[in-house]
Amino acid sequence: GCWEGTKACADQPAGVFTNILNLSLTQAIVPSCLKTSIIIPVPKKPSPDTLNDYRPVALTPIIMKCFERLVLKYIQDCLPSNLDPYQFAYQNNRSTEDAIAIALHVALNHLEHSGSYVMMLFVDYSSPFNTIIPDILIKKLLEMGLSSHICCWIKDFLTNRPQTVRIGSYFPPLLLSALALHRVVC
């Protein structure tokens with residue numbers, strides 16, 4: 001099928017894409033064309049009635065998705081292994097099920113003591129990445145030991161992101177995301 005054909009000719013563009021990524025990382029600049037997103041509204045239910053019945057899905061260039069995975073792997077290898085043991089999100093081989101299992105284990109062990117009780121609060125942050133503040137993220141990554149150069153690349157990746165919403169065949173003009181309001185200082 002299509003995948004086999006793509007794999008067969010992968011060597012052809014690999015050098016070009018490697019050069020693009022290396023140049024982007026060296027300059028700590030992500031080309032605008034690779035940060036551009038097309039937002040499409042995807043219905044959450046069969047017959048949507050209101051805007052809240054849609055989930056915004058951002059379509060970004062596939063090559064940028066590949067670059068993101070490579071940079072993520074690099075970052076994971078650089079960050080210390082002494083992250084909070086109760087950090088479950090975005091960790092390899094950890095999930096929300098693990099978080100629930102640990103919480104239940106701790107609670108049940110505590111309840112074995114006479115007269116004890118347990119109160120739990122579960123919070124689901126909706127759309128956490130829609131509210132990211134690049135300056136705070138970069139500060140935390142620097143504190144964790146990530147190189148300032150990669151942090152500058154991440155900040156450039158997160159800011160000044162052109163996007164548009166596609167509704168059917170209608171494409172309004174590109175706008176910069178709200179994150180563009182943050183000043184890039186690297």
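Cβ atoms here come from the backbone N, Cα and C positions, even for glycine.
These figures come from a predicted structure and were not determined experimentally.
Now, the feature entries from TrEMBL:
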- 43-163: domain 'Reverse transcriptase' (DOMAIN)
Message = Over the span of the domain 'Reverse transcriptase' (43-163), how high is the average pLDDT in this prediction?
response = 87
Ask   = Going by DSSP, how much of the domain 'Reverse transcriptase' (43-163) is helix, how much is strand and how much is coil, in residues?
value = 60 helix, 9 strand, 52 coil
